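Annotated ATP binding site per TrEMBL: G101, G103, R104, K124, D136, G137, R194, R201, D281, in sequence order. TrEMBL lists D271 with the feature active site, proton acceptor. Annotation source TrEMBL lists Mg(2+) binding site at N272, D281.
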Amino acid sequence: MRPLNFDNRFVRELPGDTDGINMPRQVYDAFWSTVRPTPVANPRLLIHSPEVATLLGLSEADIAHPDFAQIFGGNQLMAGMQPYAACYGGHQFGGWAGQLGDGRAMSLGETINSAGERWELQLKGAGPTPYSRRADGRAVLRSSVREFLCSEAMHHLGIPTTRALSLVATGDGVVRDMFYDGNPQVEPGAIVCRVAPSFIRFGNFELPASRGDIGLLEQLVDFTIARDYPELQGDTQEKRGQWFLEICRRTAVMIAHWMRVGFVHGVMNTDNMSILGLTIDYGPYGWLEDYDPLWTPNTTDAQGKRYSYGQQPYIGHWNLARLKDALKPVIADASVLDAGSQVYADTYSETFGVMLAAKFGIRELTDEDAPWINGAFELLHKAEVDMTLFFRNLATIDLANPTLKALYPAFYRDELLQQYHAEWEQWLQHYCQRLQRDHLSDMERRQRMNAVNPRFVLRNYLAQQAIDQATAGDNSMITKLLDVLRHPYAEQAHCAKFAEKRPEWARHKAGCSMLSCSS
Ligand code: AMP
Ligand code: MG
């Protein structure tokens, strides 16, 4: 396998804990700990992302080389790799959780590709680190398939996200009690190699701030600005201020995208918030099927619903407030920190407003549009309508001859379709009148709508089917899904079965509608 070019600034420029003792502990005065992946029995490459391989300058021959599975399964290091686990803290479910850190993620190094771009490689599930607490540092196949497929699917949807290079089966068993109900089982283990320009989280700043280590905090702030935000100008204080506002802006854009496609992250703790505004840490995430703002896939959050679909924009704001608290000691101008809230709110409403207009196929949203748009969402909820199918099929409405029939396939229950039929008819009439005002041709309108309303998302039950088959030794559905999800806005009529709404058997099935944090 040809070598990659590494330039490991995180470990070179920031203080680290180089004891190499892999024992759970509190780590002070350091942003990282030296670690080594723990070897696995029989690493086997199940799938890779061709786009990410290209990004890194890896050829198909490199991927096929026997060393590839060894390296990305954690059995070998490539020259230049300096594995580390990052030290960070976080607010989990609204409360300060103290030190967390990479308990099962290990960064291998920062590669520089031929275009000069920095891409950090990180294994998830490569064994214990000083941050593993009482857990094993491993990951199971089901959660690894989900992370691999979803991070690539999100990228192809045009949503800022960490990427995934590879999914390697380890050949080792991993014991998990999936629903924390006293039924531990041995599951196949796997390792995903995640790829991003940076894996720094809000929690990396919160931890030194919580300990009053202001010197350490300043070091990380200025490092992040220098490495990950080189475009910022001005003196140190000016840069720090602009940097915080840019994080607020990016976080708003990311969450607006989630809302556009019906993605529910599921665990928006501050340790799962990227400083680059990337979607990170794919755990018990899910996709809205029938439109329900209170839906969350995460069984751990079933009571509080803190991280349900409709809450996400508010939680983004709350999380930024925690970052702001952490940054107070190093940003002298308090008004800059206070401005973050407004930047977030303005960016979110502007970005999501433009998206909403495109989703419904109108040129621009005005205040007068609020009642019928809200009306649509209310009806979608009451009548249990599939969000993805609704918007995609809405584009097929023929203004000369509008009929609700085009939307029937999006309804989950016949009785609710009957019950709300008249209300929907009325809504459609109003909607068509509104469309007439814009004077877009059907064709033009459809193109605009289909560019923001995906035909294909990683439906919860599809991910589960792919997992069930992979667990039985057949990876073909993972491959098929990745293929389809690479072009989520294209019609791909030959793949229509992957666009179908959730079948009835999956309504309450574990993995399809309910997921735990156990992974
Ligand atoms: P998450 O909810 O997946 O973001 O994880 C929260 C924290 O728990 C992070 O510090 C993880 O690294 C850690 N963690 C989760 N699962 C494991 C595991 N199997 N082994 C070690 N640490 C883990
Ligand atoms: Mg996490």
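Using N, Cα and C of the backbone, Cβ positions are placed for all residues, glycine too.
What TrEMBL annotates, mapped onto the structure for a quick look.
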{"residue": "G101", "record": "ATP binding site", "CB count, 10 Å": "26"}
{"residue": "R104", "record": "ATP binding site", "CB count, 10 Å": "21"}
{"residue": "D136", "record": "ATP binding site", "CB count, 10 Å": "16"}
{"residue": "R194", "record": "ATP binding site", "CB count, 10 Å": "25"}
{"residue": "D271", "record": "active site, proton acceptor", "CB count, 10 Å": "24"}
{"residue": "N272", "record": "Mg(2+) binding site", "CB count, 10 Å": "22"}
{"residue": "D281", "record": "ATP binding site", "CB count, 10 Å": "22"}
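Cα separation, R194 (ATP binding site) to D271 (active site, proton acceptor), rounded: 16 Å. Among the binding-site residues R104, D136, R194, D281, the residues whose Cβ lies under 6 Å from any atom of ligand 1 are, in sequence order, R104, D136, D281. You'll find the Cα of R104 (ATP binding site) roughly 14 Å from the Cα of the residue listed as 'active site, proton acceptor'. Taken in sequence order, the recorded positions G101, R104, R194, D271, N272, D281 that lie near ligand 2, meaning a CB under 6 Å from one of its atoms, are D271, N272, D281. The maximal spread of the ATP binding site, taken as the longest Cα to Cα distance among G101, G103, R104, K124, D136, G137, R194, R201, D281, is 22 Å.
On the backbone, the CA of N272 (Mg(2+) binding site) and the CA of D136 (ATP binding site) stand 20 Å apart. Following the DSSP three-state reduction, the secondary structure of the residue listed as 'active site, proton acceptor' is helix. Recorded residues D271 (active site, proton acceptor) and G101 (ATP binding site) have their alpha carbons 8 Å apart, per Cα-Cα distance.
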